[in-house]
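The structure appears below as structure tokens.
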């Protein structure tokens, strides 16, 4: 009996030893995987896009997809058609609706177009509108009307999406049954961002995770969820918004709101060690407004009257001197905030951008990569 017991004991010891070895192999494999995951996590640059609503953050994300992922597939382009049609509908509804509410109100150039306005206001505003051919006909004819054009020119007096003119100019293409949106159409298309969206891409074998968060006031409470382990903040401001007010608060100037928001982020105690890359966006629209001369920057920012173009200003060939002065004034308004309360732990790096211009964003992002790399090394105390 003792011999049998002894053999069973040896077998049991052998099984136990194998189990222990197997558990150790599994444990070692888990440890190696965790170590690998940690290395990948630490090697990833996490970029947080912040800024007020309609500043161009989501357009920056689209550019990263075009430049560093695979752009947009045919099915994704087709899916955007409904959003683009909605942009056209929102634009013509808003403009024709504003004609009678402006002070002084604006009349149609052709009184016979009133029936077209009535159609747009009565039928196109419905929730189940299906964009019949007459909608496009009415929209095209109204967009040619001088009264509608004058109302568009006063769009800073009401809320109108930036892409209104772009898509209203292209109704004849978009209404075609075989229409497929171009990259520029997708970049221009406006869709409200609600929540947090992550885009992952790789540049020269370096991993980037970019987080886009809604910029409207009621969306900003979600920002705190993204602050952990951020490599850098990209703050986006719409420079062309100097003569506009917020959708959510018609008493607040949009550019001043952006400056206030930048100040709150810059002075946030949780972000004191995170540097900010400042995208002074919508330079194309800013230049249009300044050159048109109808909305003077000094009417909204009295300090501009005394402002002189700084010595470090870089001028592009043929650039209007007043446009140069305006864009550097806005830059310096932000830098005044960062230099007033900077403690040497984080820095502000300004760049002039046009988010719908792929070459511009490619050049700017390449310029930023060295900055982001330094921030990443400092984040893990390697610099």
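Just so you know, glycine gets a Cβ as well, placed from its N, Cα and C.
Annotation source Swiss-Prot lists region 'Disordered' at 1-31.
The feature N-palmitoyl glycine is assigned by Swiss-Prot to 2.
The feature S-palmitoyl cysteine is assigned by Swiss-Prot to 3.
The domain 'G-alpha' feature in Swiss-Prot is assigned to 43-383.
Look at Swiss-Prot and you will find 51-58, 187-193, 212-216, 281-284, 355 tagged as GTP binding site. Remark: residue 187 (GTP binding site) has 59, 62, 63, 66, 355, 356, 358 as non-local neighbours, by Cβ distance under 8 Å and separation of at least 6 in sequence. Classification of residue 187 (GTP binding site) by DSSP places it within a helix.
Annotated Mg(2+) binding site per Swiss-Prot: 58, 193, in sequence order.
In the predicted structure, the region 'G2 motif' (185-193) carries a mean pLDDT of 93. Per Swiss-Prot, region 'G2 motif' is recorded for 185-193.
The region 'G3 motif' feature in Swiss-Prot is assigned to 208-217.
Within the same chain, residues 51, 55-56, 60, 162, 232-241, 262, 327, 330-331, 334, 348-357, 364, 368, 371-372 sit at least 6 positions outside the region 'G4 motif' (277-284) and bring their C-beta atoms closer than 8 Å to a C-beta of that stretch. Annotated region 'G4 motif' per Swiss-Prot: 277-284, in sequence order.
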Other than its own, how many Cβ atoms are within 10 Å of the Cβ belonging to residue 58 (Mg(2+) binding site)?
23
Least buried by Cβ count (within 10 Å) of the binding-site residues 55, 193, 281:
193
Quick one, of the binding-site residues 191, 213, 355, which Cβ has the fewest other Cβ within 10 Å?
191
Please state whether DSSP places residue 58 (Mg(2+) binding site) in a helix, a strand or coil.
helix
DSSP-derived class (H/G/I helix, E/B strand, else coil) of residue 213 (GTP binding site):
strand
How many of the residues that make up the region 'G4 motif' (277-284) does DSSP mark as helix, as strand and as coil?
2 helix, 5 strand, 1 coil
